[in-house]
Amino acid sequence: MKKVTTSSLLKMKQESTKITALTAYDASFAKLFDEQGIDVLLIGDSLGMVLKGDDDTLTVSLEDIAYHTRSVRKGVERAFVVADMPFMSYSTPEQTYLSAAQLMRAGASMVKVEGGSWLLDTIKGLNERSVPVCGHLGLTPQSVHVFGGFKVQGRDDLQAERILEQAKELEQAGIQLLVLECIPSDLAAKISQSLSIPVIGIGAGAQTDGQILVMHDMFGISANYMPKFSKNYLQQTNNMREAVSQYIQEVQDGSFPSDEHSFN
Ligand code: KIV
């Protein structure tokens, strides 16, 4: 059993092997996902919505993410563990480095930050201090109040061009993984082809280098809302292990996401 690393994720992109990812927040589910062969586990600030029951991710603290990262790390043997930097935990360089150190010490192998050009120095600074970084573009939930709701991004030409440019800038600055959330499939395909680093989509069509879902959405147990881009794998399998295995298989063979779970 070889551990997933930044190098193996890059190799998967180069060999056109789809990367499978899920969010996880505790040791038991992390172990279950790891045993089924998931490649990446994200301790997402989505925990604010799916664990705490909040309307958005802004209530999540650094301590929340560190606590859940420690738990997830204990359940994982193979998967690559990424932790979200929560809202306002990377506003200044000093704060960013302290926040990242706390998450890496909790067991993350990479931290994820949401946003574009304003993060270029942040990413360089983190890399210089030996912290690998995942970018996140498109519908970045920490900006929900700027967007005026959880809305698909990049539908007009100008916005699409901007997201593509920002993806290139983030890669140039040093990110080693990129999440694209809720953007048209064509744009996500173009970005994935333009970058050398792996690109993981959620609501971004089938032509990214991999897929991620919030685990509660994949099991169809999210409290209030099932996003269009998600699929309830528990419904068709009635067994958690089989649900995860089916998700992995459908991502790997390219049948998930279908048009029904994508935007144009
Ligand atoms: O917080 C989260 O779970 C995320 C994923 C939706 C990518 O950022």
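Using N, Cα and C of the backbone, Cβ positions are placed for all residues, glycine too.
Nobody curates TrEMBL annotations by hand; they come from automatic prediction.
Quick look at what TrEMBL annotates:
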type	residues	note
BINDING	Asp45, Asp84, Glu114	Mg(2+) binding site
BINDING	Asp45, Ser46, Asp84, Lys112	3-methyl-2-oxobutanoate binding site
ACT_SITE	Glu181	active site, proton acceptor
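Where TrEMBL records a feature, it is marked here on the structure.
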residue: Asp45; record: Mg(2+) binding site; CB count, 10 Å: 27
residue: Ser46; record: 3-methyl-2-oxobutanoate binding site; CB count, 10 Å: 22
residue: Asp84; record: Mg(2+) binding site; CB count, 10 Å: 32
residue: Lys112; record: 3-methyl-2-oxobutanoate binding site; CB count, 10 Å: 23
residue: Glu114; record: Mg(2+) binding site; CB count, 10 Å: 24
residue: Glu181; record: active site, proton acceptor; CB count, 10 Å: 22
TODO: Sorry to bug you, but what's the C-alpha spacing from Lys112 (3-methyl-2-oxobutanoate binding site) to Asp84 (Mg(2+) binding site), rounded to the closest Å?
DONE: 5
Task: Other residues, Cβ within 8 Å of Asp45, Asp84, Glu114 Cβ centroid (Mg(2+) site) - done: Gly44, Ser46, Thr57, Val60, Met85, Pro86, Phe87, Lys112, Val113, His136, Pro141, Gln142
- [ ] Among Ser46, Lys112, Glu114, these being the binding-site residues, pick the one whose CA is nearest to that of the residue listed as 'active site, proton acceptor'.
- [x] Glu114
TODO: Please state whether DSSP places Asp45 (Mg(2+) binding site) in a helix, a strand or coil.
DONE: coil
Open item on the list: Max CA to CA distance in Å over the 3-methyl-2-oxobutanoate-binding set Asp45, Ser46, Asp84, Lys112?
Closed with: 13
- [ ] Would you mind reading off the Cα separation of Glu114 (Mg(2+) binding site) from Ser46 (3-methyl-2-oxobutanoate binding site), to the nearest angstrom?
- [x] 13
